[in-house]
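Per Swiss-Prot, disulfide bond is recorded for Cys7-Cys21, and the stated evidence type is similarity to another entry.
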Amino acid sequence: SIKEKICKIIEAKIGKKPPFCP
């Protein structure tokens, strides 16, 4: 999903999953 892609991008940038990502 788009949300999953955004989560992966953010995770790659900050090195951890954002709180709104499973």
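Using the three backbone atoms N, Cα and C, a Cβ is placed for every residue, glycine included.
Shown in sequence order, Lys3, Cys7, Ile10, Glu11 are the residues of the chain, 6+ apart in sequence, with a C-beta less than 8 angstroms from the C-beta of Cys21 (disulfide bond). Within 10 Å of the C-beta of Cys7 (disulfide bond) there are 16 other C-beta atoms, taking all protein chains into account. For the recorded site, Cys21 (disulfide bond), the DSSP three-state label reads coil.
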